Amino acid sequence: MAAARRLKRVVASQTGFLNLKATSDPEGLVSSSRKRVNKNKKKNWNKHSDINDVEEFLEDVRHQERTTGGLISEKSDDSLFFLDIGQPKKLEQKVEPVEGRKRKGKTQRPLRIDLILQRDSLVPPPKDVLAYQQPNAKKLRRIAQKAEQLAAKGVVPRRQKRLLDRRPIEQKAKKAVTEANNNPDRDFYNIWDQETKETADPWYLQQTGKKRVTRPVRLNEKPSVLPAVEVIAPGGSYNPDFFSHQALLQEAHEVEVKKQKQEDKIEKQLAVNKEDTATEETTLREQVEGLVEEEIEDDDEASDEDEEGAAVGAIALAEKKTEKQRKKEKAEKIKEQQRLASKLQTKQQQQLFQLRSIKATIRNEEHKTKSRQIKRKTQQEAQKAQPRRLGKLKFQAPDMEVQLSDELAGSLRQLKPEGSILKDRFKSLQKRNLIEPRERAKFKRRLKLKYVEKRAFKEIT
């Protein structure tokens, strides 16, 4: 392209050449001077470069692609040319009239709106690169190649090996007809059973995440060993035995005595001590406090100042020590250290002869430890039957329902109902550590009641 432009410039510079393009000098007498441009700079490339012939070539290529679907030079002769043998003779056929046609001998033409929407270019649409992309494609391709290499060597992957090692499911043939309810040979089914039977493969359920979570063992343990319904003592019957009734009365008496002792203890703690009460003598002493002892305090202050002065002088004299005194103190300190070290050594030597007594001591300690462990276990077992502290309130056992000897009824007809089943069940849940102890919410009125006499009431009064 550069050579062609150079040739044109050479020919135009010769005499007798006629330029076909319209110029400002039609006579061709004045030679146009070419503007010199620095092509080393990038901003001058497109500005002062002639690319018309390149654009014409590209436009021609695009036109061929739109009309023929590619370059004409690459097309075969059969697709570009055809043999003209004249117009073929039409066979005379009787055309039956079709409903909806108005004119005979005319074919249906497509609507113009449909022709506008049709594609007028044979260039295929651009390929969507994102539709063909796959995440981790390189990694998956490498894994597939490795699997092919292992398969060629006869090595089975671990995942496939686990699938092959699984036991096949024993599929039972389904019964076509539903069994009757009165058939004694039908399978037993418990409608109250909470655990549903899973018929699918457990390995499949585990991999797909549909397997049910196993219930922890600790949730199966009861919070208390007490039974849900406690049986009352024999003395609580409507017609009890004399001795069993007396035993129940004795138990109720002990409970009441224990309550009374607790109340007396609280009253004793809150009672005011008589020695702490104020008398006339103590009140007078408090009023005169600090008025009589002023002169005695002045004399004491003077004597204290003299003693402090003498002590300061003695300390100043005793601060400085001679070199002989320091050496003597150092020697005494070394002797004391040597004495303590020898005492420790003799003590360790004496322990060798006390091995038997030491073994006996260790044996006694182990025996005490075992006894404490047994005692602790018994206490823990006993605490399982006791209510625990689950909330801010402490469990309070309900009062025992006991009838005195003169209140006993001779028959069920004369028996009077006592207690409440609802309260009994509520206390049983608290005692078995199923719910925390609660108390009835106290109703507190926000606004005070205001009594107003109505007009009708005033008229009567």
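Cβ coordinates come from backbone N, Cα and C, glycine included.
Listed in TrEMBL for this protein:
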REGION    23-42  region 'Disordered'
COMPBIAS  33-42  compositional bias 'Basic residues'
COMPBIAS  259-288  compositional bias 'Basic and acidic residues'
REGION    259-391  region 'Disordered'
COMPBIAS  291-309  compositional bias 'Acidic residues'
COMPBIAS  329-338  compositional bias 'Basic and acidic residues'
COMPBIAS  343-355  compositional bias 'Low complexity'
Using DSSP, break the compositional bias 'Low complexity' (343-355) down into helix, strand and coil residues and give each count.
11 helix, 0 strand, 2 coil
Secondary structure content, the compositional bias 'Basic and acidic residues' (329-338) (per DSSP, counts of residues):
10 helix, 0 strand, 0 coil
For the compositional bias 'Basic residues' (33-42), the number of residues DSSP places in helix, strand and coil:
1 helix, 0 strand, 9 coil
Secondary structure composition of the compositional bias 'Basic and acidic residues' (259-288) [DSSP: H/G/I, E/B, coil]:
24 helix, 0 strand, 6 coil
